[in-house]
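First up is the structure itself, then whatever we jot down about it.
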Amino acid sequence: MAFCGPRTAARLSHSTRALHYTHRGHVSQRTLNEVVIASAARTPIGSFQGSLSSLPATKLGSIAIKAAVERAGIPGDEVKEVYMGNVLQAGQGQAPSRQATLGAGLAISTPTTTINKVCASGMKSIMLAAQSLMCGHQQVMVAGGMESMSNVPYCMSRGATPYGGVKLEDIIVKDGLTDVYNKFHMGNCAENTAKKLSISREEQDSFAINSYTRSKAAWDSGLIANEIVSVTISQKGRPDIIVQEDEEYKRVDFSKFSKLKTVFQKDNGTVTAANASTLNDGAAALVLMTAGAASRLNVTPLARIVAFADAAVDPIDFPIAPAYAVPKLLSEAGLKKEDIAMWEINEAFSVVVLANVKMLDIDPARVNVNGGAVSLGHPIGMSGARIVGHMAHVLKKGQFGIAGICNGGGGASAVLIEKL
């Protein structure tokens, strides 16, 4: 007769826990599943050192994830894995996506992965989650992106302190906004694109003004409110502050646009602080699942993911990379550009959208119809997820939409969805 002592019992207890976690493992299959977007939620976008600056990216991520799961109408333990984009990770502690996931109240057995594809991080998270769902590795996942540019630290090289003092580098610039191959700011790449495609300062200013106008109209009409989850800021003894609206689009003076100096090229430059995106804080999350899981859970999806693609060009040409990803999408889906009702091309700079509209020869009236990053803000790890989620909310049944976003290093990602 076997005797079960304390050590044996401990081993059995550990084994039982291990077995309990195995339901979140991966199993592949031969046929691909259809993947749907069950919900999409995002925080408001805060200005740099603005309304959301007291919260780290991981907390913003938790808020977005929790809201997305609640709006999907499913129990949290149905989520079997989480991917979250996050670019400027320095100083946040280990595994930002894990922090965001547990902070959202999801099960401790939920695996997580943090994705860094610079500005395309949030969108790439959606693409990777969709792949996992298509292949049957998981049935329900959360994907999104988060960034708090207000909380990004400075750094200095390790080693002996040199004579004459130390040099601090801004991680926002070093890891987020610098072309490492040409050793200059991404804005210089934007200037290069403007010169190559003959896009003027006036065109960029006009586009930026239109972005602000469209964002205001979208907010005034209540169109954006459906995707927002409010953020409560504790004031330690004073009444809490509740942030429930994007901050950036209201901070504009159109009379100053033409008077601003160019930032990256003094002579014959075109890019200014007004026609480029800003530094911001925010997070977005989507619940993705197989069509089978949606049926089992009685979920009515917002949209289905039809196709997705990446592209890469010379690093200096990163602004035009979406124009190389989009044709892959259309070819894979068997669609023409005329079939696309809505385009979301991330406004890292006004010239990015103008360049891609020109290269793809698409109708500008269908592009960024509710504004974009120039006016709403660009928390770089969040933006790719934000534009996919926005499309999922505002497209009409049966319409197709394409979201595309460029990223530093010469890359781009793009996603094609159909509204259900």
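Residue numbering: from 1, along the chain as shown.
Placement of Cβ uses the backbone N, Cα and C atoms for every residue, glycine included.
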Notebook entry, point to check: Tyr212, Ala273, Ala274, Ala276 bind K(+) according to Swiss-Prot; which of Val118, Val374, Val388, Val394 goes with them?
Noted result: Val374
Notebook entry, point to check: Could you give the Cα-Cα distance between Ala273 (K(+) binding site) and Lys256 (CoA binding site), in whole Å?
Noted result: 11
Next item on the list: May I ask which residues of the same chain, at least 6 positions away in sequence, place their Cβ under 8 angstroms from the Cβ of Ala274 (K(+) binding site)?
Entry: Asp205, Ala208, Val252, Lys256, Phe257, Leu260
Checklist line | For His378 (site 'Increases nucleophilicity of active site Cys'), the one of Cys119, Tyr212, Arg251, Ala276, Ser277 that lies nearest, given that the recorded positions are compared by Cα | finding: Ser277
Notebook entry, point to check: Among the recorded positions Cys119, Val374, Cys406, whose Cα is within 10 A of the Cα of Tyr212 (CoA binding site)?
Noted result: Val374
Check: Using the residues the record lists for CoA (Tyr212, Arg251, Val252, Asp253, Lys256, Ser277), what whole-number Å value is the largest Cα to Cα distance?
Finding: 16
Margin query: So among Cys119, Ala276, Val374, Cys406, all listed as recorded positions, which is physically nearest to Arg251 (CoA binding site)? Use the C-alpha atoms.
Written below: Val374
